[in-house]
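Below you'll find the structure, written out as structure tokens, and then a few comments.
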Amino acid sequence: MALHINSTAKLPSGYEIPLLGYGVYQTPSEVAEDVTQHAIKSGYRHVDSATVYRNEEPSAKGMLKAGIPRDQLFYTSKVPPKSISYNDAKACIDESLKKTGLGYVDLYLLHAPYGGKEGRLGAWKALVEAVDAGKVRSIGVSNYGVHHLDELEEWQKQQPQGAAGIISVNQIELHPWLARKDIVQWCERRNIVLQAYSPLVRATRMDDPILMPIAKKHGKEPSQILLRWGLQKGFVILPKSVTHSRIEENTQLYGFELDGEDMRALDTGKYEPCTWDPTTAPLSGGMALQFVYGHALSYLQRFGIMSHG
Ligand SMILES: NC(=O)c1ccc[n+]([C@@H]2O[C@H](COP(=O)([O-])OP(=O)(O)OC[C@H]3O[C@@H](n4cnc5c(N)ncnc54)[C@H](OP(=O)(O)O)[C@@H]3O)[C@@H](O)[C@H]2O)c1
């Protein structure tokens, strides 16, 4: 069926997730209420926030103010990278509920695979308990590489019935210069939904020589081609903008289709993250070590000094 602004994907939890999401990272809290309300009025039904974005309260307020019933809205938050442990995750979920006043959070993620094995699995257990308590509907991870996913799946297999939780989502940086075939394949084999963050490559590639001719061919903006690429790959896309006109522009992704030739041209095979890359962080070590190692490795891979495996 043709994609449209209200298209959704079914999560492994059984809930539906809107394919178009509105990201609020780096959205100042003073403007978050206004821009989020504008996004909902422009047709978005899904907002991606996080504890570390420091705008949960105004973002949720903006969502609710737009006048759309709560059950038609989808809100995500995340346990901060520095708080990946059982106790911190529990506290964090309660804080999100209090700040947002949404009654429940649609999707709660572990923001990064830090905290060591005990921290990661402890924080996951807190998410599972939050689902049982009706505080959260679906749970998932963010920035998990294949080795982190394997660790979680191994642990899940050892749990008694009902205690393992269901991984609904992995939210990672995804765009034509970072298609991450290994992680995508791991998730797709298990029907885990991929959420593409930084889908506009943070506006750093709008004049790219591969992208521009495709935009011209379809009479669309380069930003719309990038977002359409994500949708046609089957990803949930999370564009961010604090500019009213761009918030609207980023919803106009329907009524045209990238053909095989366009998709092949955009299949660059490159490894060029535009932000951090915790998917490469090692399983063990403290958060600081994992952070530094993950960053150093992503730079080495980016500049071709090491291959990305
Ligand atoms: N889980 C994670 O670790 C993680 C990491 C990064 C991001 N995320 C999520 O993904 C969301 C999006 O990622 P992102 O914020 O890194 O970057 P992005 O969405 O790729 O790019 C945002 C940038 O693009 C500009 N922009 C937006 N629409 C545009 C358009 N139509 N034409 C030209 N420029 C445009 C924005 O400017 P203006 O705002 O000035 O309009 C902003 O500078 C975040 O907000 C967050 O929800 C998650």
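Cβ from N, Cα, C; glycine included.
Now, the feature entries from TrEMBL:
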- 27-267: domain 'NADP-dependent oxidoreductase' (DOMAIN)
- Tyr53: active site, proton donor (ACT_SITE)
- Lys78: site 'Lowers pKa of active site Tyr' (SITE)
- His111: substrate binding site (BINDING)
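If you measure from the Cα atom of the residue listed as 'substrate binding site' to that of Tyr53 (active site, proton donor), you get 11 Å.
Long-range neighbours of Tyr53 (active site, proton donor) (same chain, six or more residues apart, CB within less than 8 Å of its CB): Val24, Tyr25, Gln26, Thr27, Ser59. By the criterion of other Cβ atoms within 10 Å of the residue's own Cβ, the least surrounded of the recorded positions Lys78, His111 is His111.
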